[in-house]
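**Student:** Pulled the feature table from TrEMBL, pasting it below:
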{"type": "TRANSMEM", "residues": "A:6-26", "note": "transmembrane segment"}
{"type": "TRANSMEM", "residues": "A:38-56", "note": "transmembrane segment"}
{"type": "TRANSMEM", "residues": "A:62-88", "note": "transmembrane segment"}
{"type": "TRANSMEM", "residues": "A:95-113", "note": "transmembrane segment"}
{"type": "TRANSMEM", "residues": "A:143-160", "note": "transmembrane segment"}
{"type": "TRANSMEM", "residues": "A:190-208", "note": "transmembrane segment"}
{"type": "TRANSMEM", "residues": "A:214-234", "note": "transmembrane segment"}
{"type": "TRANSMEM", "residues": "A:241-263", "note": "transmembrane segment"}
{"type": "TRANSMEM", "residues": "A:269-288", "note": "transmembrane segment"}
Amino acid sequence: MSPDVIAMVAATVLAAATPLIIAGLGELVAERAGVLNLGVEGMMVCGAAVGFAAAVESGSTLVGALAGIGAGVALAAAFGLLTVGLAANQVASGLALTILGLGLSGLAGARYVGLKRDPAPHLAIPGLTDLPVVGPLVFGQDGFVYAGLALAMGVSWFLWRTRTGLVLRAIGDDPAATHSLGLPVRAARFLAVLFGGACAGLAGAYLSLAYTPFWAPAMTAGRGWIALALVVFASWRPGRVVAGAVLFGGATVLQLHAQALGIGLPGQVLSAVPYLATILALILLSLARRQGGSLAPAALGRDFTPHR
Amino acid sequence: MRLDLVPRPHRSPLAEALAPALAFLAAVLVGGVAVSLLGVSPAAAFVVYFVAPLSELWSLQEVAVKAAPLALIATGLAFCYRANLWNIGAEGQFVVGGLAGGMVAIATHGSTGFTLWILPAMLAAGTLAGIAYAMIPALLRVRLGVSEILTSLMLVYVAELLLDYMARGPLRDPAGYNFPQSVAFDEAARLPALMEGDALHAGVLVALAAVGLGAVVLGRSLFGFEMRLVGASPRAARFAGFSAERLTLLAFAISGGAAGLAGIVEVAGRIGQLQPSISPGYGFTAIIVAFLGRLSPVGILVAAFVIAVTTIGGEAAQIDLRLPLDLTRAFQGLLLGLVLGADVLTRFRLRLVAGTAR
């Protein structure tokens, strides 16, 4: 393969990985605070629908992305109210959020099915972007890709290099102890959930504004769930979310290429690859962790009600 | 200002029965606002959604035929959810059950002589396939500690793709003009209609019997008690010597079997052949039904009926009022959220306290 082809494949892998990176990082922060939000798929698909609608109406990709974030935050706020405010069951509430999100996205996007707009602009720095191989790959991506990578660094810095990040992780491990230190458990959890929603919405907006770029009902096709699996796979570490997302992106691209080349396998088998790969990754991870014990935040999925 | 949750000293049965009803009422009100935003009179929509499906014999039959698989799947799921196990892949187990049972019907297609065994064999194959498919996430959880939530969901996509492949490929009717569907099942491979020429078929009775059995087992047997105890207090269950592994496998077997049975009942009852898609999302809707029914079989029966009415109403509203089907889905998601929220109010009292958020 020529270097140019490799660069092109690498760019498509990165593009396929970006929504998983963004959504996965958001969920990682929420789960580090001890809240398991299974509604990523719902927030993501709403972000895609609302983001695309806003971009078409305003003619601006940025407005679209912001609207996508807003849709994710709004749904996450409802989820946070239920699970953090009212201590409702997190798993069931997350499922409700997914069902609600899929329905709402269909309503919001109904008038925009079949419309097309130009994909989000790619970076172009004269001189740098024109460099062979490295140029387009490093300096020629769209804003979402850079945002995703910056987010990974930001989240990593926040969680391990700031006091607030330490508090957040402590809440995810032992909310009762953190509460008795006088730290705001439920407020922090609520904000972490909102951050997760913002990221999921942005990831969805990336799909409809840059990746495809159009709106189709249920276009997330399980990516929200894969992002959830990715957080487990990454043992709740931002760097590994990026690495895992690139692996999954690679599997997706491989599957598309195999389909295009007409390998003697039925299309359905290839379409099942991402889902089977997710299961396989979770199995391998748990095999590798047999002795080490769980790395999950100790209070993940447990509600917290301060009693006094 | 701060919102505090104060645990209620006693659980009140009245409040627990009222909570889902109030949640339903609230969801209907929000739905009414949404409908009027879409430019349709809420009163007209209410009639189409909730009254019309109950007013005629044929639509009541449709409601029963839709409610049956929902109640069946949800009763199985109640076992899992009571034990704090999260099988959210009932949709996949439903599809696999329909596929396996359907394959029995296709393999015996055109056979003459003694054919009475075919239908029971189909139902058994569907149930067993559902159990086997549910064993994948259950065993992964028990043996390797892999989250059953994610694996059971991923297997839904795999099952749908498998059925799609089989219906378009190996199982396609060779004389079917390339339509992606199998042969139409023989009479012996169909669940008989309860009233000549109508939609109501014997599968509704199968589902009712299974829900009844589920109610007895969950509410009246030691096994049901173990299941409920593991969910309510894992520590107490450990001290009592109940094996969490065994209960996990059994809960998944029950829910997978129920979903698989519902799948083959749908194929042998309503559809009568295999198609690339056999479910309008019953496995997911059943999750709503399970919680709306407060995870008790009797409640689930009522909830399945209510959800089936709104689904039939939603289909009618799409035709009569040009209201999108997504509205029904959003309504059901909203309903589940409100039911969960209302549930909390039966366990806690809300108190607003001055001071900062904690």
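Each residue, glycine too, has its Cβ placed from N, Cα and C.
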**Student:** Out of A:38-56, A:214-234, A:269-288, which stretch touches the transmembrane segment (A:62-88) the most, going by CB pairs under 8 Å?
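**Tutor:** So the stretch in question is A:38-56.
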**Student:** Can you work out which residues elsewhere in the same chain, 6+ from the ends of the transmembrane segment (A:269-288), have a Cβ less than 8 Å from its Cβ atoms?
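**Tutor:** For the transmembrane segment (A:269-288), the sequence-distant neighbours (Cβ-Cβ under 8 Å, at least 6 residues beyond its ends) are 222, 225-226, 229, 232-233, 235, 244, 247-248, 251-252, 254-255, 258-259, 263.
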**Student:** Do the transmembrane segment (A:95-113) and the transmembrane segment (A:143-160) share at least 3 Cβ pairs closer than 8 Å, excluding pairs fewer than 6 residues apart in sequence?
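**Tutor:** The transmembrane segment (A:143-160) and the transmembrane segment (A:95-113): touching, no.
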**Student:** Among A:6-26, A:38-56, A:143-160, A:214-234, point out the range having the most Cβ pairs under 8 angstroms from the transmembrane segment (A:190-208).
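**Tutor:** By the under-8 Å Cβ criterion, the transmembrane segment (A:190-208) pairs most with A:38-56.
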**Student:** With Cβ-Cβ distances below 8 Å as the criterion, list the same-chain residues six or more beyond the ends of the transmembrane segment (A:143-160) that contact it, or say none.
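**Tutor:** Apart from its flanks, the transmembrane segment (A:143-160) reaches 14-15, 18, 21-22, 25, 28-29, 32, 61, 65, 120-121, 123, 168-169, 199, 202, 205-206, 209-210, 237-239, 241-242.
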